[in-house]
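Below is one structure, written out as structure tokens; the observations come after it.
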Amino acid sequence: MTRASLDKQPHEVASMFDDVAANYDLTNDVLSLGQARLWRKEVAKAVDARPAQKILDLAAGTATSSQPFARAGAYVVPCDFSIGMLQVGKKRHPWMPFTAGDATKLPFKDDTFDAVTISFGLRNVQDTDSALREMYRVTKPGGRVVICEFSQPTWTPFRTVYTEYLMRALPPVARAVSSNPDAYVYLAESIRSWPDQPALAARLQKAGWSNVAWRNLTGGVVALHRGTK
Ligand SMILES: C[S@@+](CC[C@H](N)C(=O)[O-])C[C@H]1O[C@@H](n2cnc3c(N)ncnc32)[C@H](O)[C@@H]1O
């Protein structure tokens with residue numbers, strides 16, 4: 001079983017997700033205490049996909065995150081570099097154009113998509129800034145980006161409790177429900193070392209995005225960052 005470390009070597013990250021692919025969605029629901037569904041609804045609202053628009057769901061995994069855009073009538077491309085996650089997704093949604101690709105070297109032409117979105121993926125990419133630049137490159141001028149990622153709870157007492165929950169409760173719960181509990185030790189560590197809301201916004205701006213803003217969900221456990229090209 002593979003467990004990525006905080007240097008996020010791409011082959012380790014991809015094979016860690018290959019290992020958890022079969023149980024990935026179930027484990028997500030359990031560990032997020034059902035909040036994952038609520039977060040996905042908010043992502044759908046922020047992306048605001050329209051019929052016939054082209055949407056890139058980057059680090060889409062099994063494409064659970066892609067479904068709201070497809071339901072809205074958009075043409076959605078789920079892209080990921082874990083073949084295991086893509087295979088589970090393809091079995092569930094055979095009609096979707098699953099694409100193998102690395103977020104830092106996207107296999108798409110410039111100015112292709114009306115919107116690019118990434119849910120719980122950017123934190124796992126080794127070179128965040130080059131992924132943000134690639135997302136910018138493949139977005140049409142005037143198009144939008146929406147990033148859904150774990151972040152920092154804003155209320156200090158809650159932040160403390162949450163950090164304790166993460167570090168102490170996550171691995172034992174994961175041991176009960178996941179095929180690769182060590183992957184959830186990585187999850188906890190990677191959340192703790194991820195930039196907070198203003199720091200991620202600054203990196204979006206540095207990559208070229210305009211009108212950058214964010215909204216906190218569940219008190220800042222998750223943040224939705226957005227921007228336009
Ligand atoms: C936590 S899963 C999120 C899946 C999906 N977006 C969701 O919300 O359920 C993170 C995904 O990011 C993918 N990933 C990580 N680094 C990547 C990279 N550099 N390029 C493409 N995909 C990547 C992993 O393979 C994994 O499927």
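Indices start at 1 and increase along the chain as displayed.
Keep in mind that glycine also has a Cβ here, set from the backbone N, Cα and C atoms.
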One of THR62, THR139 listed by TrEMBL as binding S-adenosyl-L-methionine at the site of ASP80, ASP102, ALA103, SER119 = THR62
What's the most sparsely packed of the binding-site residues ASP80, ASP102, counting other C-beta atoms within 10 A?
-> ASP102
Let me know the most crowded of the binding-site residues, choosing from THR62, SER119 and counting other Cβ atoms within 10 Å.
-> THR62
Report the same-chain neighbours of ALA103 (S-adenosyl-L-methionine binding site): residues 6+ apart in sequence with Cβ closer than 8 Å to its Cβ, ordered by sequence.
-> LEU58, ALA59, CYS79, PHE81, ILE118, GLY121, LEU122, VAL125, ALA131, GLU134, MET135
